[in-house]
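For reference, the structure is listed below as structure tokens.
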Amino acid sequence: MNVDKTILLLKQGKHISEDTVYSLCLKAQELLINEANVTHVDTPVTICGDIHGQLHDLLTLFDKSGGVEKSRYIFLGDFVDRGFYSLESFLLLLCYKLRYPDRISLIRGNHETRQITKVYGFYDEVMRKYGNSNVWRYCCEVFDYLSLGAIINNKIFCVHGGLSPDVDTIDEIRAIDRKQEVPHEGAMCDLLWSDPDEVETWSLSPRGAGFLFGENEVNKFLRTNDIELITRAHQLVMEGYKEMFNGGLVTVWSAPNYCYRCGNVAAVLRIEDDLSKNYTIFEAVQAQDGVGNAIIPTKKTQMDYFL
Amino acid sequence: MERIVQQTDLDALSCKMAAVSKGYLPSKELQENVCGFSDYKTIHLEYFKSIMKNLGRRAQGQINRSLQSSFPVMNYGTYLRTISIDMVLHDYISNHNDDGFIQIVNLGCGSDLRMIPLLSIYPNMSYIDIDYEPTIKLKGNLLGNSEFFGKVLPADRYRLLSCDLSKHDEVINLLKEVTDLTKPTIFITECALCYLKDDDAQLLINSLISTYRKAGLWISYDPIGGGGEGPDGKDDKNDRFGKIMQSNLRETRSLEMPTLLKYRNKDSYSSRFKQLPDVNIDVRIQNLWEYFTKNISDEEKQRLKGLQFLDEIEELQVMQSHYVLLSAQW
């Protein structure tokens, strides 16, 4: 398998053979198995939120932020589900990881699991594209090796969802056995599922898993671990990003016009050497070009609206 | 355009079947215990089975696909739409059933089967379904040729009328023949006004309310575009939901919603029901996200959560904030 060639094919949304996906996933696993649960990343670096299979918008993201050939990236998870190109988006990121291992960190999101991808589209997409579920299985095995978080210059903690009542220190995250399907409860689950909110203390989440946490929990985590900021994704933000708790936490969302219907813009966050923050906002790729040719082929007539 | 609007009934039906098969509907707490509905699932499965036999292979495939991959956000939306209308109906009927007779007119009924439980609970109710001719013909055949529906549907108090809702005078003339103008009358427009031209919809609303001016209720469920700046200055100019909806529906299926961006918020949508100066009308409107957060009990929310893993709370909020339930009582 030739990684550069595969990257070219993926960028054009072309079919990748089952064998190629197999060897790509195997190589990715060999690489990811050696990464820590919380990977160390140096500045400058660009932090990206949920992608959700919106391949064309992922390409825009790289365009607008310098590209992996020149810049370092952290992806906060949720590469797959909902959009039409979950497979291509995930494989492109894997190819970049293989090609530029030090320039891209992939963190696991709550959609990178067997159970969730069966409900939210990735499984169906693979069945549609290959007629069997092999490619889905290869990808799910890679999901089990993705990191749970990253730490930038020992000062900025990156995670998909948020904090957990079972986790006080980042060292405790390092001790988790991550190579498994995401459990329904406990530290690993919470890191991928929790949300910040205006709450006094740990509260029940309206989602099926994880917790709500407030300013108190964030301040305690920042103090205990001697860090300045938590960056996370997981929640749609219409403006692309949202800072909370006196700047102690930020949500970054990188899927513009989410599900081709929400009308939101997307953002990525660049952290400079002095830890200053720069947001880049970007819009969704148009579904059709000026003369009516489809850029994003909508193969499936979607039941997106109540009619 | 007519055919394109008629096809939206298949969407509504697939959504309803998805919500039924995943257990969102019926709601024991609301539809069974409060409204008194029974056999909800059987009734819907029976109708679904027979309509599938009548559809072409392509339509069948389309419905089966959407049933298989029914997203939780869509099932929640279908649940909310159905429950909210049932509950408004129930509240009004329980307060107006004393004089013994009530009539319901479902404008643009499609495959809706509400009349079956309602007619069996209320022996003094008459129910009229109105839609385009092909829809009415199909529905009439499916109900009429079935032993099952012959038993559960009281045919003497149920009528199917074909009419184009954009012709308000025809609607009125048809209704005058089969209804009692002096009795309380409920009109339902569930995703029906949104397909009409502004003037046609307004004439339909005004003329029906004036004709049945003694007492009535209008229940309307529709999408609203959002965005723009309303009279209260509260609207979000960055809200592009309606614009994107308009272009998505146009591109994927050439479907038009002429007033989506005109009646883009709750106030402007309600204003259409206050155009008659001499009718005293009480108009209430909620978006369906408000309905979900305020009207659905914690127990019921807990039940829904157990059916499918709902990961997309924010998306649910965005979507449901753009659908409204109006009830106008006079």
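The backbone N, Cα and C atoms fix where each Cβ goes, and this holds for glycine too.
What TrEMBL records for the S-adenosyl-L-methionine site is B:R81, B:G108, B:D164, B:L165, and among B:E147, B:E177, B:E190 the residue it adds there is B:E190. When each of the binding-site residues B:D164, B:E190 is scored by how many other Cβ atoms sit within 10 Å of its Cβ, B:D164 comes out lowest. Candidate binding-site residues B:R81, B:L165, B:E190 yield B:R81 as lying near chain A, with Cβ-Cβ distance under 8 angstroms. With a 10 A radius on its CB, B:R81 (S-adenosyl-L-methionine binding site) counts 23 other CB atoms from all the protein chains. The least crowded of the binding-site residues B:G108, B:L165, judged by other CB atoms within 10 A of its own CB, is B:L165.
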